[in-house]
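Notes for the one structure printed next.
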Amino acid sequence: METVPEPGSNVPPKKDRLQTKKKKPRRYWEQETTGTAAGASPGPPRKRKRNRELRPQKPKKNDTSKKFRMSKKPRELKSPRPQRSLSGAQDPFAGPAPFSVEVVQKYCRIDKSKELPHPKTKTRSRLVVAEAQEEETSVRAARSELLLTEEPGFLEGEDGEDTAKIRQADIVEAVDIASAAKHFDLNLRQFGPYRLNYSRTGRHLAFGGRRGHVAALDWVTKKLMCEINVMEAVRDIRFLHSEALLAVAQNRWLHIYDNQGIELHCVRRCDRVTRLEFLPFHFLLATASETGFLTYLDVSVGKIVAALNARAGRLSVMTQNPYNAVIHLGHSNGTVSLWSPAMKEPLVKILCHRGGVRAVAVDSTGMHMATSGLDHQLKVFDLRGTFQPLSARTLPQGAGHLAFSQRGLLAAGMGDVVNIWAGQGKASPPSLEQPYLTHRLSGHVHGLQFCPYEDVLGVGHSGGITSMLVPGAAEPNFDGLESNPYRSRKQRQEWEVKALLEKVPAELICLDPRALAEVDVISLEQAKKERAERLGYDPDARTPFQPKPKQKGRSSTASLVKRKRKVMDQEHRDKIRQSLEQQLQKQEKAKPTGARPSALDRFVR
């Protein structure tokens, strides 16, 4: 008789778990533990089971016998233990990231030295909160510098070698393949001379020739976006807020094209335009014309914001200050005027040269301005209120075109030669004693611009376009939320919407943008005075103290007079205390520093 086999009788016996379990690799932050099983890795620390029987019982709410016997003991301060994760690993870099005090001061935007005269309690509390937020933001910005992977560099010669003698061919041989591909020449003699412009991201290049040739391309990949011939002289060309729109100053009017070469607009109110400048944060296109008018066109709504008559003849020299969006115009009488669309007169007039001004350039910090004139002088001016020349140099041939880089390098085009001067740093003026680099072109220079975030200088000349390699010219790290060279079409559209929502009104353009966040004390006092004269009384004057009535006979005439007298005496004491403090401060300032203190000083009034 056959029997049914028992379940699991033919199943092979299980192997030992300790033999089959693989050994877990130990990380560098984990410590070796003793007492573990052979071949087993030390796992996370297990929680010990607490003995509930030995734990003291908490007194119940109804139990009042021990309520007054319990005394609160001061909590002992224990040393902080190293934080561990669930796996038992210890953080090797515990705590916040370190930062430098100098870097924090660089990002600080609030001047604590200026104080408001007698601010109110509410205003003072708001100022304290704003200063705390500003300090926290500065610390975060200083800590985020650890994430910047790239560092700027410069070209250095061996054994005191002059870097101005180093040719572009030598630089191309020394750099890597990707950087060497950024140096190229476009031979376009039949349509020259050329003006060029880079987009804000530094990825796209647009250039226009005097004989009507207009083209735009991705100069990194050499992919052509559009190429047309407008059959009219092109005097200047500019990208608008993105690489999708292009403004071309033609012989008669101003034309707007897209990245496919299709004409979108023809602005006939801007005629005989010679130079173009675009203000990205205000969405304003500034045009200078032969008739002497400076026109501001709001490209977001298509309206002309202001048309200012400079009364200085033909305008052919124009640039913008990237720091405060003020337009600088160079005139034939040797002066440079600064303009804002909110004012019909120039903000400042600076006498720079004995002859006419040929070129003007302003660095990215807004502190220095470089000018060149018919007197063959190249000067660097200080724009921080003094407007005085810091350095000057006489050139054998006057510079017709100037350009500043993001790191403070100054390029000057003199005939068919381009000279570049370097300074000590980003915020320091360039040294005009010895040129940093020199390059000779195949034609006369007609346009200069440094490419953003790339060590490249674009030169437009009568023979075409030349892309030069200038080590240490650009900022190595870019802000991906502001100008991202690798953004997609969807990202560009989202950025356009945010930029339009954050557009700065044209009325806020002034010499000092920080003055917009300050209180104009003089105007405030004048407004108060005029208001008091108009109303016949001062509405902000302090009303006399009137005590509140009280009950149970405490509102008698004698008690009311006594309370008023008490408040008046307190105010009188405060005034006396303030006057004594002012007298002591004056005495401390007048007292000589080297004099020894005397015992009779206590009686000095």
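Glycine residues also receive a Cβ, built from the backbone N, Cα and C atoms like all the rest.
If you check TrEMBL, you get these features:
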- 1-96: region 'Disordered' (REGION)
- 53-66: compositional bias 'Basic and acidic residues' (COMPBIAS)
- 435-513: domain 'BING4 C-terminal' (DOMAIN)
- 531-541: compositional bias 'Basic and acidic residues' (COMPBIAS)
- 531-605: region 'Disordered' (REGION)
- 567-578: compositional bias 'Basic and acidic residues' (COMPBIAS)
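Remark: secondary structure over the domain 'BING4 C-terminal' (435-513) totals 17 helix, 22 strand, 40 coil, with classes taken from DSSP.
Here the compositional bias 'Basic and acidic residues' (567-578) has, by DSSP, the following mix of helix, strand and coil residues: 12 helix, 0 strand, 0 coil. Across the range of the compositional bias 'Basic and acidic residues' (531-541), the DSSP-based residue counts are 5 helix, 0 strand, 6 coil. Per-residue pLDDT, averaged along the domain 'BING4 C-terminal' (435-513), amounts to 92 for this model.
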